[in-house]
Amino acid sequence: MSPKFMFFSIIAVWSCAAVTEALFIQHRSLANFFFMTLTAAKRSPQEYDGYGNYCGWGGEGTPVDSIDRCCQVHDNCYGTVNENECGHYIRNVKLIDYDWHMEGTEIVCDPKDDACGRALCKCDKDIIDCFNENDKDYNPEYNKVIG
């Protein structure tokens, strides 16, 4: 086997392993917010994804209503947590796992998580509470994905 072939084979295997690990971490961590929404929000996660200017990936402009404002606050919360509690992590805070559970209708963040995990859980808990408090303002026409 030529050294060149061996080198490119190692690079290919390493690249595939890195991508697989990144996808696993992202799937696991984004699952927290997905399942929290699925479990505790009045609407499905799909009804919020792509809603207004801030719900989903990215965000800019003026929120279209109180639901979209919840997403803007959530984006800002993640930004603040990324700079403060999670500042020691190299990767994006959206990829960090945390534990939570339900007690009745209340979301409870695991106090055993580190400061970063607890803060991220609180960001996600707060947006679910905000969604539920403002559910009357939900307008399907603002959902770019399903509306």
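All positions are counted from 1 along the displayed chain.
Just so it is clear, glycine is given a Cβ too, placed from its N, Cα and C backbone atoms.
Note: Swiss-Prot links C77 through a disulfide bond to C123 (candidates: C121, C123, C130). For the Ca(2+) site, Swiss-Prot lists G56, G58; matching the candidates D75, D97 against that entry yields D75.
Among C55, C109, the one Swiss-Prot lists as the disulfide partner of C71 is C55. Candidates considered were C121, C130; Swiss-Prot assigns the disulfide partner of C109 as C121. For G56 (Ca(2+) binding site), the Cβ neighbour count at a 10 Å cut-off comes to 15, with all displayed protein chains included.
With a cut-off of 8 Å between CB atoms and residues at least 6 apart in sequence, the same chain places nothing near G58 (Ca(2+) binding site).
In the structure shown, the C-beta of C70 has more C-beta neighbours within 10 angstroms than that of any other entry among the disulfide-bonded residues C70, C77, C86, C116, C130. Cβ neighbours within 10 Å of C71 (disulfide bond), excluding its own Cβ and spanning all shown chains: 22. Spatially, by CA atoms, the recorded positions C55, G56, C77 include one closest to C121 (disulfide bond), and that is C77.
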